[in-house]
Amino acid sequence: MGKNKLLHPSLVLLLLVLLPTDASVSGKPQYMVLVPSLLHTEAAEKGCVLLSYLNETVTVSASLESVRGNRSLFTDLEAENDVLHCVAFAIPKSSSNEEVMFLTVQVKGPTQEFKKRTTVMVKNEDSLVFVQTDKSIYKPAQTVKFRVVSMDENFHPLNELIPLVYIQDPKGNRIAQWQSFQLEGGLKQFSFPLSSEPFQGSYKVVVQKKSGRRTEHPFTVEEFVLPKFEVQVTVPKIITILEEEMNVSVCGLYTYGKPVPGHVTVSICRKYSDASNCHGEDSQAFCEKFSGQLNSHGCFYQQVKTKVFQLKRKEYEMKLHTKAQIQEEGTVVELTGRQSSEITRTITKLSFVKADSHFRQGIPFFGQVRLVDGKGVPIPNKVIFIRGNEANYYSNATTDEHGLVQFSINTTNVMGTSLTVRVKYKDRSPCYGYQWVSEEHEEAHHTAYLVFSPSKSFVHLEPVSHELPCGQTQTVQAHYILNGGALQGLKKLSFYYLIMAKGGIVRTGTHGLLVKQEDMKGHFSISIPVKSDIAPVARLLIYAVLPTGDVIGDSAKYDVENCLANKVDLSFSPSQSLPALHAHLRVTAAPQSLCALRAVDQSVLLMKPDAELSASSVYNLLPEKDLTGFPGPLNDQGDEDCINRHNVYINGITYTPVSSTNEKDMYSFLEDMGLKAFTNSKIRKPKLCPQLQQYEMHGPEGLRVGFYESDVMGRGHARLVHAEEPPTETVRKYFPETWIWDLVVVNSSGVAEVGVTVPDTITEWKAGAFCLSEDAGLGISSTASLRAFQPFFVELTMPYSVIRGEVFTLKATVLNYLPKCIRVSVQLEASPAFLAVPVEKEQAPHCICANGRQTVSWAITPKSLGNVNFTVSAEALESQELCGTEVASVPEYGKKDTVIKPLLVEPEGLEKETTFNSLLCPSGGEVSEELSLKLPPNVVEESARASVSVLGDILGSAMQNTQNLLQMPYGCGEQNMVLFAPNIYVLDYLNETQQLTPEIKSKAIGYLNTGYQRQLNYKHYDGSYSTFGERYGRNQGNTWLTAFVLKTFAQARAYIFIDEAHITQALIWLSQRQKDNGCFRSSGSLLNNAIKGGVEDEVTLSAYITIALLEIPLTVTHPVVRNALFCLESAWKTAQEGDHGSHVYTKALLAYAFALAGNQDKRKEVLQSLHEEAVKKDNSVHWERPQKPKAPVGHFYEPQAPSAEVEMTSYALLAYLTAQPAPTSEDLTSATNIVKWITKQQNAQGGFSSTQDTVVALHALSKYGAATFTRTGKAAQVTIQSSGTFSNKFQVDNNNRLLLQQVSLPELPGEYSMKVTGEGCVYLQTSLKYNILPEKEEFPFALGVQTLPQTCDEPKAHTSFQISLSVSYTGSRSASNMAIVDVKMVSGFIPLKPTVKMLERSNHVSRTEVSNNHVLIYLDKVSNQTLSLFFTVLQDVPVRDLKPAIVKVYDYYETDEFAIAEYNAPCSKDLGNA
């Protein structure tokens, strides 16, 4: 049976009839069991059984065999004779995701037995998972909201356990993750805040399923401004080389649907082909440019001659690129739209719309062709020529109004195994030459192959060319020819049909046909209701079993609309609304559906269109949309004997067998369906025995199998294939990008009404919903729109900030989109905070007609400081006066619009801040402290303000300000850590003292997440970190910063997700920098010179890294730690033996390192040495550097201690507190004295002067707070009293010890006393702020500022000028640490960002930032060599009587070292008149 299975590929078989005489026994029992070749575990699978011509009862059984054992699918199934019976079965989950198994089917009866075994593919059923984000694009610091949804293959919700979801940034870093969560109702919602400085680019949400398979969903993070309007460019999609003109239209539409007034510039270009090697003038693009004004509809139209593009010329792209730029009238806003047109040489094209893939001799071959032009437009009334040589068919026909021609070919006389039909309209035109493109008239041809049937009986399904629409019934015609001799006395022949979809059998049916004992020909119809169960591709199989044992059949494929059973509808009521009104969102779906809603501003979709959730995108999740063919391992070679190559004589007719691989038999129809057949019926055409000796030159013996597999693979390889009264006035201030992101459950009637408040944005909101139901599955709504609109509204234009006394112009622009003219009064509400003078003398109401706008202006002189609100109202008035030729109308609703916008008014001069801190512990008695608040003589009037804060916890102030600990920028990798690390110490402290609340925890974890993201910006490919990261050209990792990040990331793991790869990579990088003596080599620059101690650099750095490793924590036996401790012990021994000792900073680090390592002896030795060098003053202890810089002269108050001294004192404090097993009472006494000094150095936010001192000091204070924490039942009373009339009392107890209690101090200057009674300790902090006018004094920096031009003579000086800076260091050191140049903008001007960014090309500029009205320039250091810096500023809003702006340069780590200078705009006195 197994011999002669290979046919040689060069053989061609034409078999007219092949019917072995011993197979024609009348009424022989026939069995057929059909099972899909691909089965899924844990899914409802189905197999179908047909028993024919049986006179006894039989049972059918099926079992699966694998290497892990056998499993029965069904046993002893009794099936009726001549009834197609389908049985459902399920396969348990396998340990292998995909496996080939043996399927055995056995039919058994008293006299009959049939058994067959074949292979099937078994795959584990996997859920369908998708992710939906609220938007496709986000700005830095926005929150990403997303949903994870899981369904089965029928789109019903699955409440599965998802092992892992994470977010990955553009560099592949995993920045957030969620583990092991259960879906509810088939979904779960998440949110994640982006940092203020994330990597920009493509991110993705990754869902990892239990199967290990992953689903990914991309989104983009960019800095962007939402477009106000859309530029719509309309050009022909296709133009032919014969066209002489093309029409172009450009329209500008605001997101609220109104036309844009403005000017348009259009360019159309045909570019030179990239593939050509020609350059120079000949390779220039052919372009046409034109411009014009947009009309009243916001559109511009132009007819363009195509001659300029030389459409017939080669070497140029066969495409025209159209670019249109619209500049909005009255603003500098310019947006661009693009479209392209394909150039085609095809003038006409013929294509088969409907044609059979195979033909049956005697049944007409049906076909339909369409004639279209080069643009795809049907051409009617044209004669086309049809030819079918094998059938001697030659015809012509005229196309109908749709360009269609239908034809049928009589196949009775076709003697070959193929039929080729060729269709032609015109012959190809003569060639123009090698430089020119010739026109083309495309012909069409189609080849159909013979269907094999030994009985000469056939059934044929008529093709359907269109997609089957949901909710309708499709009728399919079945044509048949029956050979009377093959019926053998049969009176009724049953045709059985089944439909497969999504890889499984979904429907079956039977059609009975009364037959006569003669040849029969006819047709009947099959009705198919189109529902979601047969989408997206339905395959229909029809077959009949003849008494001879022959099976006749056909299969057809139908594309089905992507139907979803859950019909979801979404609508807004009303569909247009004024801002801030209530509206209703109505959702209808299957009862009890869980519906996920989303509504976003259309501007977001214009910025980056969404990959919208749709029925099509959901169907694309299916692993098998259409099962066809068999995967390679499942190919059945058949077990029939081959026949020899000689003539066969049957019934007086001679047949010559010839091999043909394209000839169709019943087996191939089943294969098309992806069905395995277990049968004793004849379903295969006979195989011809090979004659290899005659064909050796044609190829290897096994080529037949190879061809078969590739053919199957090519065909699919199991292919995946009630409304309120609106107000008369609106006040607008809420402008979100995502408006609605909610989950709702519809009621038992299938309806949910959601009340919403329309945001203040004047735009169109686009909403969508998807719903999940246990019964009906998934449904997706079409987009619903709500237009938030006002008949008219007012917009304000003002600068970000001004200085008190400056005059600026406040502009209010009123826009009217009513169909009629209105008379509008525009009023600015008076306020004592400013003086307003109308620019126009006449303040009478303004007449604004349809689609018009009017601007009203005031000259404003601010009088008060701080945020000053400007309230402008525009009201439509009732009036009988004419507006033009008509009486002004008044809108029924929204006749008054009010906009409130704040403006920051700043005092003149330079702001100074002084903080006074006290830790008062009454211990049952009373303690008091006097406070004298004085002001310097050069203080700016009214600029002084002071407040006192009362907290019951030493870390209270820092807890309130964890993201604002320093009043300085956070633009580098080290500075970012001050936003990150303190949150860990706060959480540890509150956890240990049992004070952690969910609110504080949530807030701190949020900060940790954003800090983590931001820090990854500074990571290098090798796992190290540097101050500005690789993107700022710093190619070398920084040893010190890498150790800092490593220990902090390791400590943060207790609270947030940190990718272990970051920790491992950093640790490896650091270990590679360890020398043989255990010390570490320095890599990268240290921006703080204070920790550079000459020869001790290596010891200091090694001590710092050892501390970091022990804080991870690594054990002292870890090889890297063990060697590092050897380095430190050796260094301490050398220092003890030497004359000069060790730097105080290094000693403090050594003391803490030995404490962490548990080396108490060494800890005591170093602390004793430190104690001898300590500065003891006012019951406090601290340490100073030996070469401490002199404090600047002329300070009104004593400045904060330098960063390095706070840092080394904090390390000493940590060493006292890290005694093992616990600090002694002597340690705590020493620690308390240190804490008194450290707390005195805190700034108003709870931080210190710079980055490292803040991080280390807060770490030390948190350890001290935890070591000394006591929970007392008694309260402390705090009284703050002035020498005048002011008095205020606070109470601090266990319930409010973390509460920041604050009061302003009204008397300045003034004398105050602060008294505390009761129990516990109270932390008091007084903050005094004032402005002073800069005076000439000696600074450690030389700072010069000039403007170019310097005078107002040049015409552009009113609107633009350059700021030129010169900076050098003149202090006591050779160079400064990292320095910041802070340039404040003069009022009404903004920096030109590209010119600021250009500064980063300088070797000395590490980074630049534009923050509100300041430009920040980071310098890695400043020496005595002068640095020159330039950038440009532009006028944003005219301001008169401009005050000078301040430029300040300061050392980031020695903040007392600074210099200030002033500059003014060249036209500072008359800018308001510009």
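The count begins at 1 with the first shown residue.
Yeah, the Cβs are placed from backbone N, Cα and C, and that goes for glycine too.
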From the candidates N747, N991, the one which Swiss-Prot records as N-linked glycosylation site: N991
Member of C849, C883, C921 annotated by Swiss-Prot as disulfide partner of C1321: C921
Candidates C771, C847, C883, C1079, N1424 (recorded positions) with Cα within 10 Å of C821 (disulfide bond): C847, C883
Sparsest-packed among the disulfide-bonded residues, when each Cβ's other Cβ atoms within 10 Å are tallied, from C771, C1321: C1321
Of C1079, C1352 (the disulfide-bonded residues), the residue whose Cβ has the fewest other Cβ atoms within 10 Å: C1352
C299 (disulfide bond) as reference: those recorded positions from N247, N410, N991, C1127 with C-alpha within 10 Å of it: none
PLDDT averaged over every residue in the region 'Inhibitory' (719-723): 35
Those residues of the chain, 6+ apart, with a Cβ under 8 Å from that of C48 (disulfide bond): V33, L34, V35, L84, H85, C86, V87, L498, I505, T508
Greatest C-beta neighbour count within 10 angstroms, which of the disulfide-bonded residues C595, C883, C921, C1127: C595
Intrachain C-beta neighbours of N1424 (N-linked glycosylation site), sequence separation six or more, cut-off 8 angstroms: S1368, Y1369, T1370, S1374, A1375
Spatial separation of N247 (N-linked glycosylation site) from C1352 (disulfide bond) - C-alpha basis, Å: 49
Cα-nearest neighbour of N991 (N-linked glycosylation site) within the listed recorded positions, C287, N396, C563, C595: C595
Largest tally of Cβ atoms lying within 10 Å of a Cβ, found at which of the glycosylation sites N70, N991: N991
